[in-house]
Structure formats: C-alpha cells, structure tokens
There are 2 protein chains.
Amino acid sequence: MVGTLAPRRDIPSATVSRLPVYLRALHEFATRDVTRVSSEELAAQAGVRPTQLRKDLSHLGSHGVRGVGYDVGRLTAELTNALGLNRSWPVAVVGMGNLGRALAAYSGFATEGFHVEALFDHDPSVIGDLVGRHRIASMGELTDVVARLGIAIGVIATPANSAQDVADALVGAGVRAILNFAPVALALPEGVACRSVDLATELHVLAFLRQPERVGADVGRGQ
Amino acid sequence: MVGTLAPRRDIPSATVSRLPVYLRALHEFATRDVTRVSSEELAAQAGVRPTQLRKDLSHLGSHGVRGVGYDVGRLTAELTNALGLNRSWPVAVVGMGNLGRALAAYSGFATEGFHVEALFDHDPSVIGDLVGRHRIASMGELTDVVARLGIAIGVIATPANSAQDVADALVGAGVRAILNFAPVALALPEGVACRSVDLATELHVLAFLRQPERVGADVGRGQ
DNA sequence: GAATGTGAACTCCTTCACAGCA
DNA sequence: TGCTGTGAAGGAGTTCACATTC
C-alpha cells in the first residue's frame, strides 16, 4: 500500500485532463471577485455538466459545502496542489521551425510555473539565434543544458523523422515528461509521461465530421 | 434501416480519431515501397495494438485478406475516402499572434487537401501584412471572404476573451467546422463540428503525471 | 431549502478468444 | 497454416437518482 497520507490516489485520467479546465474556470470567477460558485456555474464556465464536475472533484476529496457550493479560493488552492502547480516547471523546446518558435514565445505556456528555459535545434544555420530571451542551442549541448537548468518537460516540435531521436536524447538527459507535436508515435521507456498533439489529425477528424453524410454529428473532444 | 449503400455508418468517435493515424502509417509504408502489411506491422507503426486496429478497420468494412494482410494502396484509398480527404478543404486562420502565424505557415496543415486560404485579425496595425502568400484581412471582411473562398474550416488562434465572438462570426458566415486553440469552451449551435487543442492543459497534465507520488504513471493520450 | 457527494445504471471503448477464410 | 474479422467479456467513463449535510 503506497501512501495513506496522499488523499489523491487513482484519479481517472479523464478526470485529470479536465482539472486544468476547472482551474482556469475558477481563475475566471476570481478575476470577477466571485468567492463562491455552485457546481452548475462552474461547470457551465468549464463546458461540462454539473454532475461530471462533482464526480471529478469527488476524486480529490470533499471541498464543497452542501446547500452552498464551492469556495473559489479554497478550490483553486486544492486543484493547484493536486496538479502540482505550486512549483516551477522548466521547459525546453526542441525544433525551431515555425511551430517551435511560436511555442517558445506562446504566452499560454508561460502560466502557472511553466517557463521555457531552453531552445534547441539541429540546423547549424540557426544555432545561436535569439528567440525571445533565449539563444538557440545545438543538440550536442542538450544533455548539459537539461541537467544544468533542471529541465522537467521537453516539447518536441521537429519533423516526424527526427522526433524519436530527440525523444531519446531528452530521456537520456533525464527528462521524464514530453509534449510531442511531431506526427509520429514515440517509443518511450516506462515512467516517461507523454502527451501528443497532432494538428493534422485534428483537421482530418473535422473533415470526417463535415462530410455530407454526417451533417449534424458533433463528436470528439469538441467544444 | 438507413442506407445499405453507405458502408460507413456509426463509426465510433474513438475510431475516427485514429483513422488519420493509420492513414499516415500507410503513407510511411508506401514511401518504403511496401505493398502489403499485416495488422501487426501497421499497428506498430501507428502506435496501437493489432486488435484495436482490426476492430477499427472493421467499422469501414472488410478490406484485408485473411492469412495475408492489407494491401497498402487499397487500404489507403479506403481510408482517404472514409475521411473525406479526396476533396479540397479551404481553411481560414483567425488571430495572427505567434501561434496563428505559425499555424498559417505550418507544413503539417498543408497536407491531404487542407489549404490555408485566408487570414484574419482584429488589430488594425497588422491588417494588410503578408504572412506567407496571404494578406491579413480585417474581421469586417470575414463574412465576404469566407463565402467567396468557400472556407470549410475555421481555426481560432485568438486570446480566450475574443474566441467566442470569432466563433460566432465564423458560424454566421457559414463555417461549420472549427479548430479552437483558445483556452475556452465555445458555445456552438448543433451541427457545427469543433475540436479544441489546449496547450496549457497539456502541460498541466504532464505536471500532474510527473509529481513525485505518481512516478511510473503513464496515462493520457500518451505516446 | 438547496446544493453537494456518491452508489448504481448505463453507455462507450478496449481486449480477448476464436471462428472464418485465403 | 496464418492472419483477418468479430461476438463476447471486461474495463473505463458518464449520467442518473437520491441520500446527505449545511
């Protein structure tokens, strides 16, 4: 038995991927100086149903008050803690094409302790260039830089054919969380967390949904 | 009973979101001049299990040969057809910040009939600027341009607070498929297909998976 | 009275085991 | 014999209904 201390065991992965959405919805209420919300209000802001929200939150323990609702500040703290967002998460981006440069500068990445701290590319003609505050480093420097800066998350924004090599280099350097934008299935050792974002696939799915035969369909990770 | 002619009814949405991955895996084999693959080989390339692949393909009808495998060319044609990729899909990108510009130029978007044909932004200081081959148009031009170019898919790459207005404008102009990068839940009428890509959420989930208590976990849309 | 928390039902997806066919 | 195709079993996620608590 591993940890009676941790009240956060076995959270379903579907729930985990909605927690950040709830956190953002809470921030929205906080900026409006709302201090208390019902599951109905919070769910509407997050784009889910109230029962879904309550079931999800129940996995973190009871933090609402029956007949009243949730305290915005308290629930925010609870979610922040559950997601591990009360520390810093240094990020490295590998691949300085259009997408990689945009990600390096993307303001949505610079929230909640995530900070892009290192940039890498394979192409000698761009190494040394500045993107935002950072110099593009060579792949040869990756191991040292990752260790020195304590990089926790590696973002792969290379073409498909170099993504596996990059993943291997990141894992070899000690990175154990990867966000992959290359359209390829990465082979990774046990214990390395990976999320893939596949932009072309999203378009393909939309194309399918919009075919004449299936007008009216509304499937997928929609809204 | 609805349509014995169409062999493509009621494909589970989980299957639909894997079909593009299979198609890409098939392209990979085709470039190596492989003409026949087993479900095991194709599944390995796609990063799924063989039984999953076979079950998914079974929703499209039987296109393999027992004891032999699948014909790469034939299955490619079948998937291309099922996904509706044998036509052109004009795309518009709204929001010309870092991410929008990268998406406008992203080569992964320029595959299989998807072509970025129009760019829009709200900010007068960038309207008229060229990004790639295209001039940034104003939001006021959106309705006309969408109609004239027959835009089928709208990509929203604006900040969260303008995303709903943009979505309304796109839908009002006749767009019925939206790819949303803004971190907000869009309210859309029935019949409008939407997929959301939330970059900050992906980082949050990775942070959760990498917390000390849950080393070893390997959840999510991983690999 | 009002809104949360949760067992149970239900739906959807994945995996298994094997029948069916070249 | 070898590999596909698929009914059935198993597992995961969502929704319902309602007991519970302030």
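Note that Cβ sites are derived from N, Cα and C of the backbone, with glycine treated the same way.
Worth saying up front: this structure is predicted, and the values here are computed from it rather than measured.
Ranges compared are B:21-60, B:101-140, and TrEMBL records DNA-binding region for B:21-60. Within 10 Å of the Cβ of B:Gly95 (NAD(+) binding site) there are 25 other Cβ atoms, across all protein chains.
Counting Cβ atoms from all protein chains shown, B:Asn98 (NAD(+) binding site) has 20 others lying within 10 Å of its own Cβ.
Less than 8 angstroms from a Cβ of chain A: among the binding-site residues B:Met96, B:Asn98, B:Leu99, that describes B:Asn98, B:Leu99.
Over the DNA-binding region (B:21-60) the predicted model carries a mean pLDDT of 97.
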